[in-house]
C-alpha cells in the first residue's frame, strides 16, 4: 500500500477497518457474482477494495472524499481493469460507473455523521423515492443506529426509523464490530448490516407514504403513550377505533408495538376517510 504517513482525519470521521475477519464478512454478505457492479463508499486505504477486486464482481467503483487517499488509491489500484475511482462527496457526486452504468450493489464503511443522508440518497425515503433500486447494501454503521434500523415491533429500540427502513427493504444483521477492529478505535460499538431494498412496486404508494409519515410523526413524538392519545389529532375516538380495527391493531398499544405493515394499513384507512370528507 502507498499510504505511509497518512493518519486518520477526525474531520472526515476516518477510522480504518483493519480486522481481516470483518472485512471478509462484509464481502461475503454482499454475495458478489459475475456481472455485479459494486459502489464502494469510503474506500479509505483500500483494505476492503482489495478484497472486492478479488471477488467475482465485474466492476468496483469507489467514491472517496479525502484527496490524499485518492492519490494513494489511484497509485495502488489504477492499473486494475475492474477499478474506477471518483473523488468527491458521496452525497453530491454522480454515483454511476464509467459510461453512466449504475451499480447494483453497495458496500460502505461510512462516516457515522452522514449515515442518515447517505441512506436517503441510496434508498430514498418513504415520501421521496429514488429512481433506481440497488439489489443489496452492506453497510458498516454505528451499533445504536443498526439496532434501530432492524428492531422488531415490541422491542425498546423499535422506532419511526425502524418502520421507515423496514418498509423500504429487508434489513438484517451481519456481524458486530467492536472498537478494536479499527485504527484508530472509535468510541462507539459498530455493526455490519445488510439491506435489500424493495423494488418500487413493493413499496407504499406516494399517497400512503405521506400518510404513514404523518402518523409516525404524531405517534412517536410521545412513544410511551398509547395510540388513543398520540393519534388523537386524527379525529374522534370512534373514527380512531374504526381505523385501528381495520388495521388489526389496538388503541391500547404504544407506537413501538405496531408493525410497519399495520402503519400502512392505518394510513390507507385514514386516506380513504380524508378522500370522502
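Glycine too: its Cβ is placed from the backbone N, Cα and C atoms.
Look at Swiss-Prot and you will find 15, 17, 42, 64, 89, 109 tagged as S-adenosyl-L-methionine binding site. Within 10 Å of the C-beta atom of residue 17 (S-adenosyl-L-methionine binding site) sit 21 other C-beta atoms, taking all shown protein chains into account.
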* Asked: Which residues in the same chain, at least 6 apart in sequence, have a Cβ under 8 Å from the Cβ of residue 42 (S-adenosyl-L-methionine binding site)?
  -> 63, 64, 65, 90, 108, 109, 110, 111
* Which residue, of the binding-site residues 15, 64, has its CB surrounded by the fewest other CB atoms within 10 A? -> 15
* Asked: Is residue 42 (S-adenosyl-L-methionine binding site) helix, strand or coil when read with DSSP?
  -> coil
* Structure fact -> One finds that other Cβ atoms within 10 Å of the Cβ of residue 89 (S-adenosyl-L-methionine binding site) number exactly 11
